[in-house]
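Chemist: Got these off TrEMBL a minute ago, pasting:
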BINDING   20, 27, 156  xanthine binding site
DOMAIN    34-158  domain 'Phosphoribosyltransferase'
BINDING   128, 129, 130, 131, 132  5-phospho-alpha-D-ribose 1-diphosphate binding site
Ligand code: 5GP
């Protein structure tokens, strides 16, 4: 997606540890117009997949997942990282190690929102080592729902996430694929 790549080059900054900071348009301040186009693009890519729900992890997956769900015309579910008083014990839970925060969190989805007749699309802002996606795949497996695919806004292709997902056989679509962040420069996969 050229518009997204252009924005990464213009506004992204590379931090130590191979972290790309894009908080002025993607995951802190959000460019709603760009997010709308991202949602439209995922909806187009997965249009034949008979998706019934879009699923992500709070908080930075919510913006692209919401716009994708809106364009497909289905509900969005975001797995929660912190147990809230309104969440009961009736939960699907997986443990996820956060790449950027370097802590483990349990992520949870209320069992009422996933049923065996569902076919879900997993959306996230970044793919690094694939922990977040793996947690959602685990939840989908226990809930016995089909996974139609994984849609990623920015994939860091030099990390392990892509090969992990490819091994599961689940379809993966990334809108921008980064080959390297060496020397604080963003290089895209050709
Ligand atoms: P993974 O679970 O694939 O290792 O990492 C994915 C999660 O870590 C994403 O949901 C995202 O929040 C965060 N993340 C991973 N790499 C980056 C990065 O380079 N920049 C930012 N802003 N977040 C990242």
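Here the Cβ of each residue, glycine as well, is placed from N, Cα and C on the backbone.
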Chemist: Residues other than 20, 27, 156 within 8 Å, Cβ to Cβ centroid, of the xanthine site?
Modeler: 12, 19, 21, 22, 26, 125, 126, 128, 154, 178
Chemist: Measure from the Cα of residue 156 (xanthine binding site) to the Cα of every one of the binding-site residues 130, 131, 132, then give the nearest.
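Modeler: Answer for the nearest of the binding-site residues: 130.
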Chemist: Averaged over the domain 'Phosphoribosyltransferase' (34-158), what pLDDT does the predicted model reach?
Modeler: 95
Chemist: Does anything in the same chain, at least 6 positions from residue 132 (5-phospho-alpha-D-ribose 1-diphosphate binding site), have a Cβ under 8 Å from its Cβ, and if so what?
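Modeler: Listed in sequence order: 57, 61, 96, 98, 107, 124.
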Chemist: Quick check: with 128, 129, 130, 131, 132 left out, which same-chain residues have Cβ atoms within 8 Å of the centroid of the 5-phospho-alpha-D-ribose 1-diphosphate site Cβ atoms?
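Modeler: These residues sit around the 5-phospho-alpha-D-ribose 1-diphosphate site: 96, 97, 99, 127, 133, 134, 159, 160, 161, 164.
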Chemist: For the domain 'Phosphoribosyltransferase' (34-158), jot down how many residues DSSP puts in helix, in strand and in coil.
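Modeler: Split into helix, strand and coil, the domain 'Phosphoribosyltransferase' (34-158) gives 38 helix, 44 strand, 43 coil.
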Chemist: Would you kindly give the Cα-Cα distance separating residue 129 (5-phospho-alpha-D-ribose 1-diphosphate binding site) and residue 20 (xanthine binding site), rounded to the nearest Å?
Modeler: 14
Chemist: Should residue 20 (xanthine binding site) be counted as helix, strand, or coil on the basis of DSSP?
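Modeler: Going by the DSSP assignment, residue 20 (xanthine binding site) falls within a strand, counted as strand.
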